[in-house]
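Taken verbatim from Swiss-Prot:
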type    : residues                                               : note
BINDING : Arg71, Ser72, Gly73, Asn84, Leu88, Ile89, Asp90, Met98 : substrate binding site
Amino acid sequence: MMKKIDVKILDPRVGKEFPLPTYATSGSAGLDLRACLDDAVELAPGDTTLVPTGLAIHIADPSLAAMMLPRSGLGHKHGIVLGNLVGLIDSDYQGQLMISVWNRGQDNFTIQPGERIAQMIFVPVVQAEFNLVEDFDATDRGEGGFGHSGRQ
């Protein structure tokens, strides 16, 4: 299923020097987001930075949200992940998409202008209304927390 999402180009290089986000294959879940930088940015181990994408989106449908996720190769090979682990884009947000990048690796890492540094997926959202109760109906698990269901 393809859903139309409004996108605004904030930097004129996007769509020319830096390709618009696209799905790499027909089965891809995520769109690659690129670093819309003037110059390369070097991240030392432990450093974080906010990287602009040059794009703004307006989802406009409260039953959808976008999530920004790390690219698996950058995380596994270089220790480059998102500083907030997952970026959540609400349906009514209209500002620039910014990517919080964290170097959790052991070596310096350089982000090049136009480099693919994150991916964005669209996910369904259910807004819940809380129903206040005194007690819950009993379940097998009950209040068992972390590790309660075992390892095997």
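Any Cβ shown, glycine's included, is placed from N, Cα and C.
Cβ neighbours within 10 Å of Asn84 (substrate binding site), excluding its own Cβ and spanning all shown chains: 12. Highest local Cβ density among the binding-site residues Leu88, Ile89, Met98 belongs to Ile89, counted as other Cβ atoms within 10 Å over all protein chains shown. Close to Arg71 (substrate binding site) in the fold, though at least 6 residues off in sequence, lie Asp32, Arg116, Ile117, Ala118, Gln119, each with a CB less than 8 Å from its CB.
Under the DSSP three-state reduction, Ile89 (substrate binding site) is assigned to strand. DSSP assigns Ser72 (substrate binding site) to a helix in the three-state reduction.
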